[in-house]
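Quick notes on the structure that follows.
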Amino acid sequence: MKDKIGTFADYVKSAQSIAFFGGAGVSTESGLPDYRSHNGVYTAMENKGKDPKKVMHINYLLNHPKEFFKRRKDDREIKPNAAHKALATLEKMGKEVHVITQNVDSLHQKAGSSSVYELHGSNRTWFCMDCGQEVKEDDVVYEDDLPTCQNCSGLMRPSVTYFGEMPNRETSEAARTLIAQADLLIIAGTSLTVSPAKSLINAFQGDHTVVINREAIKRIRIPVDLNFQDSVGVIMQELIDRIQEGE
């Protein structure tokens, strides 16, 4: 009987289109914390008596901008890990791979993936809340501890979705279409608790679904063919190794 990695490799080889749906667990091996584990961002806030849904709410940014940006972590030096690199490698092998991510770190693009849909935006792009001018994160200028627009002196902010805001509808609908058209769906590093994650994966009508997550996912309605309760990077690297062994 073929082992699970071998079966996973067969799924990838036979798929014409692959949709990879990833969450915070994809980037933890790069050094970024997830949100809901015992070491997660939300857990750390709760341990300090703070409500994540308030501290990471758009109203908190508007009403307490200095506190908001003082708390914010700079993740620009974070590097892609084995999971990000594996997806880029599959694309280089000629596979059609579409990455749908809940993360805002843009590590998939840094690794070399060309089809990336960021459901919650990206830290790499900022915009002025007054005049709308967009700049790269590296070009953001701080004045009096606040990111300040050099065009109108308004407050700059990352192009990400905070609590109290709606995800970009066009991005979500494009992701839904790609998931619906895919032959293989890989769900990785996510508990599927945040919208629109829960509804998007239900659009899948393809052949096989593979889940890679350290903890069991309770909120999944579609059939799952393979379930790896392991590191996303480890499993994805083993997948690449197995495919390359067979070439």
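Cβ coordinates are placed from backbone N, Cα and C, and glycine is handled just like the others.
As recorded in TrEMBL, the features of this protein are as follows:
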DOMAIN    1-246  domain 'Deacetylase sirtuin-type'
ACT_SITE  His120  active site, proton acceptor
BINDING   Cys128, Cys131, Cys149, Cys152  Zn(2+) binding site
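Shown here: features listed in TrEMBL, placed on the structure.
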{"residue": "His120", "record": "active site, proton acceptor", "Cβ contacts under 8 Å, 6 or more apart": "Gln102, Asn103, Val104, Val160, Thr161, Pro167"}
{"residue": "Cys128", "record": "Zn(2+) binding site", "Cβ contacts under 8 Å, 6 or more apart": "Glu134, Cys149, Asn151, Cys152, Gly154, Leu155, Met156"}
{"residue": "Cys131", "record": "Zn(2+) binding site", "Cβ contacts under 8 Å, 6 or more apart": "Cys149, Asn151, Cys152, Gly154"}
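The residues near the Zn(2+) site, meaning same-chain residues not in Cys128, Cys131, Cys149, Cys152 whose C-beta sits within 8 angstroms of the mean position of the site's C-beta atoms, are Met129, Asp130, Gly132, Gln133, Gln150, Asn151, Ser153, Gly154, Met156, in sequence order.
Shown are the binding-site residues Cys149, Cys152; of these, the residue with the fewest other Cβ atoms within 10 Å is Cys152. Mean predicted confidence for the domain 'Deacetylase sirtuin-type' (1-246): the pLDDT average there is 94. His120 (active site, proton acceptor) falls within neither a helix nor a strand when secondary structure is assigned with DSSP, and so counts as coil.
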